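Annotated compositional bias 'Basic and acidic residues' per TrEMBL: 1-15, in sequence order. Taken from TrEMBL, the feature region 'Disordered' covers 1-34. Per TrEMBL, domain 'CASTOR1 N-terminal' is recorded for 64-99. What TrEMBL records for 103-170, 291-352 is domain 'CASTOR ACT'. Taken from TrEMBL, the feature domain 'Cytosolic arginine sensor for mTORC1 subunit 1/2 ACT-like' applies to 207-289.
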Amino acid sequence: MEPEPSFHHREKMGPKQEQSSNSRILVRRRTSSPLHSQRESTYWQPLLSPTLGVFVVWSREEVSTAGRCKFFSLTETPEDYTIIVDEEGFLELPSSEHLSVADATWLALNVVSGGGSFSSSQPIGVTKIAKSVIAPLADQNISVFMLSTYQTDFILVRERDLPFVTHTLSSEFTILRVVNGETVAAENLGITNGFVKPKMVQRPVIHPLSSPSNSFCVTSLDPDTLPAVATLLMDVMFYSNGVKDPMAASDDCGHIRFFSFSLIEGYISLVMDVQTQQRFPSNLLFTSASGELWKMVRIGGQPLGFDECGIVAQISEPLAAADIPAYYISTFKFDHALVPEENIIGVISALKVSQAEKH
């Protein structure tokens, strides 16, 4: 029997709650060779509109239903579209001068509590893992790329960094791999040489911040109802808002275009502003009884790139200290944190205090 949709709706979970002793990290990956020979590392060259940024994510060891994409996420921003997709989905993308692909293979990890699978475990929340996962990875200079969904939070790391990731986190977590939908213990990678436990350091916010005027909702819908809204989804994602502008001002505090759709392991996640939400039939969306809304903090005055470490930690640690839940969505050029609407003023103040500490 499929779990009830509400099971996957995240509670407002702050970092001061006790972490379950059986929390674990799941690594979804493939063992096949990366597609470096098929990629172009041209993602900062000027591109015509619309532009697409793509990450290839190995999502599992073996795929029993070959050729079917199991990990797909598309996020629209004022500048471009960011796609995160597994190998099967990547092979279906057409060649295009507008398509820029990140120059590394990334693995999707997520922290779960109370079980060993994405579909049956209680989500943790990005501020809940700020100190136990995000900060330790930043301390080891490991770059991460975040994707929060309605169901869970994915931490993307480069495949080449996986030995250091597992070594860093193995003292606090059970590390598992996902193979054909089943979880198995990850092998001991035996990383010792060159691994030094870092000293704790302060991480002031170093990038410009802005907060658009939109209010956002994070929701989902039953996959069986997807055909009923497929035309609307296509219109919302590709036809409603004109041409993308790669030079769009990132410090504009007015209304911005932001829409994120994820279909991962059969579960759908939608992040959109209230105006867009009103276009969907209300009886199809999973929303909380309180109608909870979120405000955005946008991080970055220019493209952030993929090599800088600690950006997510700079934002999530102050939120964790203030016990404020958050969603966090990285894109090809900028990062985005979503916090409860009633907390936005305090969040901006706290982050600006941290920002001032760099001077």
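Cβ from N, Cα, C; glycine included.
In TrEMBL, annotation is done automatically, which means it is predicted and not curated.
Confidence in the domain 'CASTOR1 N-terminal' (64-99), given as mean pLDDT, stands at 83. As a summary of secondary structure, the domain 'CASTOR ACT' (291-352) carries 23 helix, 16 strand, 23 coil according to DSSP.
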